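*Asks:* Sharing the feature lines straight out of Swiss-Prot:
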type	residues	note
DOMAIN	8-176	domain 'Era-type G'
BINDING	16-23, 63-67, 125-128	GTP binding site
REGION	16-23	region 'G1'
REGION	42-46	region 'G2'
REGION	63-66	region 'G3'
REGION	125-128	region 'G4'
DOMAIN	199-283	domain 'KH type-2'
Amino acid sequence: MSETSPHRSGSVAVIGRPNVGKSTLTNALVGAKVSIVSNRPQTTRHRLLGIATFPEGQLMLVDTPGLHREQKRAMNRVMNRAARGSLEGVDAAVLVIEAGRWDEEDTLAFRVLSDADVPVVLVVNKVDRLKDKTALFPFLAQVSEGRTFAAVHPVSALKRKGLEALVSDLLKLVPEAEAMYGEDEITDRSQRFLAGELVREQLMRQLGEELPYATTVEIERFAEDGALLRIGAVIWVEREGQKAIVIGKGGTRLKDIGGKARLQMERLFGAKVFLETWVRVREGWSDDEAALKAFGYD
């Protein structure tokens, strides 16, 4: 954009199936970690606003849970509702897919966007992982056939490649307006919420396939004590056997999870953190709408 271009500001929903890199893309555009990431599908469970500020304008990026077909448990239904609800009132949307792959859940995400009547930018992520680079353009042609996109951008969110052109096109789709947030603001979520997410991220990263799906984190205490933040985090599971998995032999796994989460908090919050963690059991919470609401699910 030229220096005489008007300032633009608007909201953009980031939509796609699980594990395509929506949160990595959001973090890359914001320039800071506002959404947790892991290799585990459905890492993102809540809508989260990431604020990306540029000289030409500001993009309010609504990171969302991955749209998926599974509807059996209440938590699956809640996450799908959160993803669909993120499209209300946005100026544009980004459909994130993985380079070289389009499946039924990508089709589901596209249909949801088609019903929303907003301009859609297709972001083809993870192009750095394509072994045969010549396969990219035939894949783009195949995906674009019979589907309308405002723009198509191959990117690597992890390596921050192709993002400048993407930002330029997204800013063209939002209205002329002043920024709604200050330059130093990166999310509308509280530090308390982010603390819980950072603990959950370490659970996913360290337990991998061992991690029970029905695991969530509740921050019971978040208090400033001079220059120190005192945080108490409860990890909820559904069975005693799952509790033992999270704690690990002699408590070593829980200690490691807490230690790594604390370092992430100190980096994000810019303050020393004293973190305590506990593991508790609440049977059937992931299929209980009231329990989900109590734990902060939309």
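Each Cβ is built from the backbone N, Cα and C atoms, and glycine gets one as well.
Please situate the listed features within the shown structure.
*Replies:* Close to LEU67 (GTP binding site) in the fold, though at least 6 residues off in sequence, lie ILE15, GLY16, ARG17, PRO18, ASN80, ALA83, ARG84, GLU105, LEU108, ALA109, VAL112, each with a CB less than 8 Å from its CB.
Applying DSSP to the region 'G1' (16-23) sorts its residues as follows: 2 helix, 0 strand, 6 coil.
The list of residues near the region 'G3' (63-66) in space but at least 6 beyond its ends in sequence, with Cβ under 8 angstroms from a Cβ of it, reads 13-20, 22-23, 26, 34-35, 41-42, 44-50, 79-80, 82-83, 86, 105.
For the region 'G4' (125-128), the number of residues in each DSSP class (helix H, G, I; strand E, B; coil) is 2 helix, 1 strand, 1 coil.
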*Asks:* Which residue, out of the binding-site residues GLY16, ASN19, LYS22, shows the minimum number of other Cβ atoms inside 10 Å of its Cβ in this structure?
*Replies:* ASN19
*Asks:* Non-local Cβ contacts of VAL127 (GTP binding site) (under 8 Å, 6 or more apart, same chain)?
*Replies:* ALA99, LYS133, LEU136, PRO154, VAL155, SER156, LYS161, GLY162
